[in-house]
Amino acid sequence: MLAVTLNLLFPHSISRTESEFENSAMTSIKQEGLPLIDPSKIELRRETAVVLPGKRRGAHAALGYMCSAVLLVLFNKAALSSYSFPYVNVITLFQMLSSCAFLYAMKRWKIISFSEGEPQSVTSNPITLIPLRTLVHTLPLAVSYLLYMLITMESVRGINVPMYTTLRRTTVAFTMIVEYLLTGRKHSSYIVGSVGITILGAFVAGARDLSFDAYSYSIVFMANICSAVYLASIAHIGKSSGLNSFGLMWCNGIICAPILLLWTSFKGDLEALMSFPYLYSSGFQVVMLLSCIMAFLINYYVFLNTTLNSALTQTICGNLKNCFWDGS
């Protein structure tokens, strides 16, 4: 029963270790000449020795995402409100460039690897650090991330905050649909019913602020779709490319950062940044540094949580994170 409950929350954490446990157990029995063990006892040992550690890793990824997300909001709010920094795209650009710098340094120093089963491997390409074909394979992930960022920034205009929060709760349903279309994954009736109750509760909570605006509503739903495609792409491309969470973050960064750099230059944000009065303030620089560090952590936990658990779990963690933030 314990295994069933944990498997409902974190479905992908133990699938790769079950057969290894059974094979090693049977081999030990034959070598020692011991009598065969009751299969129910082997099942019990598997639950206590394999299931729980795997589930804990998935739970730690989910909790790590929620904690880093709340801290990121705090530091971003300090930069945008306390220091009146008006350039949101510049913050995102700094966070992305810092993430790429962290990953590049750790990769060159052989602290991390980008591929599963190839620790500290370095390709012949000293710039991309991964084969070009693998980089092209992750292109849909980067495109969905860019669309998600741009449409999300547009979606907050022309709609009140309670209704925006209510409509964003429907991302869970969109994630289930996109996950089924991309990976063929089906969820149980219990999960579908829980998602339905969550969405119903969100609409009940925002019913008093209902103000229909076709354009604003359509933009928010487009943001939900892009978010669902992005999360489902992490799980799908992560498995097909052989990259781990660090590798996916690296590919996403080196594709998106140049595009975002061109976009901020075109809008004149970088030029206006030089005249920002707090640019050389030590307090502002510390806030920006902490924001970049937390952005690196939250991106890592998004990729880790989605690959260890599922895109649906990551979406639900986003909703839970908002509850903790509202409560704070």
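Cβ atoms are placed via backbone N, Cα and C, with glycine included.
Database features, via TrEMBL:
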DOMAIN    65-322  domain 'Sugar phosphate transporter'
TRANSMEM  62-80  transmembrane segment
TRANSMEM  86-106  transmembrane segment
TRANSMEM  127-151  transmembrane segment
TRANSMEM  189-208  transmembrane segment
TRANSMEM  214-234  transmembrane segment
TRANSMEM  246-266  transmembrane segment
TRANSMEM  278-302  transmembrane segment
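Within the chain carrying the transmembrane segment (214-234), a Cβ under 8 angstroms from the stretch's Cβ atoms is held by residues 140-141, 144-145, 147-148, 151-152, 154-155, 157-159, 164, 167-168, 170-171, 174-175, 177-179, 181-183, 248, 302-303, 306-307, 311, 314-315, all 6 or more beyond its ends. Note on the domain 'Sugar phosphate transporter' (65-322): mean pLDDT across this stretch is 82.
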